[in-house]
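If you scroll down you'll find the structure; I have some questions about it.
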Amino acid sequence: MEYVIIVAGGSGSRMRSDIPKQFLEVRGLPILMHTIRRFYEYSQHIQIVLVLPVEQLETWENLREKYAFTIDVKVVIGGKTRFQSVRNGLQVIDNLESMVAIHDGVRPFVPIEVIQRSFQVAKEKGSAVAAVSLKDSIRQVLSDGTTQSVNRADFRLIQTPQTFQTSLIKKAFEVPESELFTDDASVAEAAGHKISLIEGDYRNIKITTPEDLEWAQCVSY
Ligand SMILES: Nc1ccn([C@@H]2O[C@H](COP(=O)(O)OP(=O)(O)OP(=O)(O)O)[C@@H](O)[C@H]2O)c(=O)n1
Ligand SMILES: C[C@](O)(CO)[C@H](O)COP(=O)(O)O
């Protein structure tokens, strides 16, 4: 059995829009519906857990009606942080023999091949985390405020989906929250697991700030 937890429990403060960015329309459909559709296109049998802010449940119901959106999802209430939202999503998955992908609701352009690869590798290795190489140079900011060049080949930019054996990631999330947990791989790693990376995709952007929305309107695949 395969699950996906789509986390859309955030408020989108960096987007500075009236409604959370996951509900904004891009190319004729709310961002979140594009994201859900990607996973449904990957598999019509995947179980979709959708994490939403409690105060936006009505917004979601209204949008479902407005766009006649019929893909079946199990709605779960989000938490104050992404970590808490993922943990709430994991709590409703009882099948410990299954695999679970965790994906940001605001990454609507994830290619189907990345989802496929992610489940395939996680089944073999326990985890699969989408990542891409850097295209820009980077510098490290030192404690005295000066900066120093570092080798960009030593780094990767991390995306979602981040896919795991359900038993592994549920157990890993039974820890107190830490500020260092910026994604799910960091939680699994803190529990002692080695993380397997898979090739992500440059189109798989996380819509975070207003410029991202401008790019998103141009994506045509
Ligand atoms: N309490 C939270 C915070 C974030 N997320 C989700 O995690 C994903 C990545 O987070 P981010 O881009 O930071 O979204 P926001 O927290 O909404 O944005 P911001 O940090 O600008 O407020 C988003 O799909 C977001 O909805 C969540 O489910 N629950
Ligand atoms: C999970 C994530 O999208 C991987 O790149 C990212 O860490 C989320 O960060 P945010 O600060 O919650 O947007």
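Every residue, even glycine, has its Cβ placed from backbone N, Cα and C.
Residues or ranges marked as site 'Transition state stabilizer' by TrEMBL: Arg14, Lys21. Annotated site 'Positions MEP for the nucleophilic attack' per TrEMBL: Arg152, Lys206, in sequence order.
Can you tell me where each of these features sits in the structure?
Neighbours of Arg14 (site 'Transition state stabilizer'), defined as other CB atoms within 10 A of its CB across all chains, total 13.
Reduced to three states, the DSSP call for Lys21 (site 'Transition state stabilizer') is helix.
Following the DSSP three-state reduction, the secondary structure of Arg152 (site 'Positions MEP for the nucleophilic attack') is helix. Long-range Cβ contacts of Arg152 (site 'Positions MEP for the nucleophilic attack') within its own chain (separation 6+, distance under 8 Å): Ser133, Leu134, Asp136, Ser137, Ile138.
Sequence-distant neighbours of Lys206 (site 'Positions MEP for the nucleophilic attack') (same chain, six or more apart, CB under 8 Å from its CB) are Asp104, Val106, Arg107, Gln159, Thr160, Asp212, listed in sequence order.
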Roughly how many Å separate the Cα of Lys21 (site 'Transition state stabilizer') from that of Arg14 (site 'Transition state stabilizer'), to the nearest whole number?
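So the Cα of Arg14 (site 'Transition state stabilizer') lies 9 Å away from that of Lys21 (site 'Transition state stabilizer').
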When a 10 Å sphere is centred on the Cβ of Lys21 (site 'Transition state stabilizer'), how many other Cβ atoms does it contain?
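Its Cβ shell of radius 10 Å holds 28 other Cβ atoms.
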